[in-house]
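The structure appears below as structure tokens.
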Amino acid sequence: MGTVNVVRVASLHKLSWYEKFYFYSIGKGLWITLKHFIKAAILRRTVTIEYPEKKRKYSTRFRGMHTMKRDEQGRERCTSCFCCMWICPADAIYIEAGEVVPEIQHLHPEDKYAKKFEIDLLRCIFCGMCEEACPKGAIYLDGPGEMATDNREDLILTKERMMQIVGGPIIGERQ
């Protein structure tokens, strides 16, 4: 066996005396803190929102609570293809599929439907991957942002609750 030649690629940056003692970093952090203090205390710009009297304004890209869409005839869009369940990194979605029988054919456009559809908001990380994976455009994260509750069962969304979050059935695409 021969010897291996090692070549040093990166050279180490020589720290100056003030970088060694972190005076520069401490001063930089104190300057940021001082700027925020001046804005809040002297200029009287408030940072805190008086919740629940005042509501926060959300951007158009805000990911709120999950909602399920219906098509133009008012039928459920979800065909229980399990795409959202498989792609969910937090494993927060549970779907149980059912076969469409003639009695409920008018409610579902396909042969299969979601008999049980649950999202556990305690596990959900609101990444939006379920929304992107849905081929039918059935699930969206455009619901309300306030989800505070004192009951853990309220944080498990069922299909029925997702369809009535914004005051009744939701028809059409995202605005």
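Glycine too: its Cβ is placed from the backbone N, Cα and C atoms.
Feature annotation from Swiss-Prot assigns [4Fe-4S] cluster 1 binding site to C78, C81, C84, C134. Classification of C84 ([4Fe-4S] cluster 1 binding site) by DSSP places it within a helix.
Residues or ranges marked as [4Fe-4S] cluster 2 binding site in Swiss-Prot: C88, C124, C127, C130. Look at C124 ([4Fe-4S] cluster 2 binding site): DSSP puts it in coil.
Tertiary proximity for the domain '4Fe-4S ferredoxin-type 1' (69-98) is limited to same-chain residues at least six positions away from its ends with a CB under 8 Å from its CB atoms, namely 106-110, 112-121, 123-125, 127, 129-140, 159, 163, 169-173. The annotation domain '4Fe-4S ferredoxin-type 1' is assigned in Swiss-Prot to 69-98.
Taken from Swiss-Prot, the feature domain '4Fe-4S ferredoxin-type 2' applies to 115-144. Here the domain '4Fe-4S ferredoxin-type 2' (115-144) has long-range neighbours at 62-69, 76-81, 83-84, 86-98, 152, 155-159, 162, 165-166, 173-174, meaning same-chain residues at least 6 beyond its ends whose C-beta is under 8 angstroms from one of its own.
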Of all the binding-site residues given, namely C88, C124, C127, C130, which is spatially nearest to C78 ([4Fe-4S] cluster 1 binding site) at the Cα level? C130
Counting only residues 6+ away in sequence within the same chain, which have a CB under 8 Å from the CB of C84 ([4Fe-4S] cluster 1 binding site)? I93, I95, M129, C130, E131, A133, C134, I139
Which residues, in sequence order, are found in the same chain with Cβ within 8 Å of the centroid defined by the Cβ atoms of C88, C124, C127, C130 at the [4Fe-4S] cluster 2 site, excluding those residues themselves? C84, I87, P89, A90, A92, I93, I119, I125, F126, G128, M129
Rounded Cα separation (Å) that holds between C127 ([4Fe-4S] cluster 2 binding site) and C81 ([4Fe-4S] cluster 1 binding site): 20
C81 ([4Fe-4S] cluster 1 binding site) to C88 ([4Fe-4S] cluster 2 binding site), Cα to Cα, whole Å, comes out at 13
When you average the Cβ positions of C78, C81, C84, C134 for the [4Fe-4S] cluster 1 site, which other residues in that chain have a Cβ within 8 Å of that mean position? T79, S80, F82, C83, M85, I95, A114, C130, A133, P135, K136, A138, I139
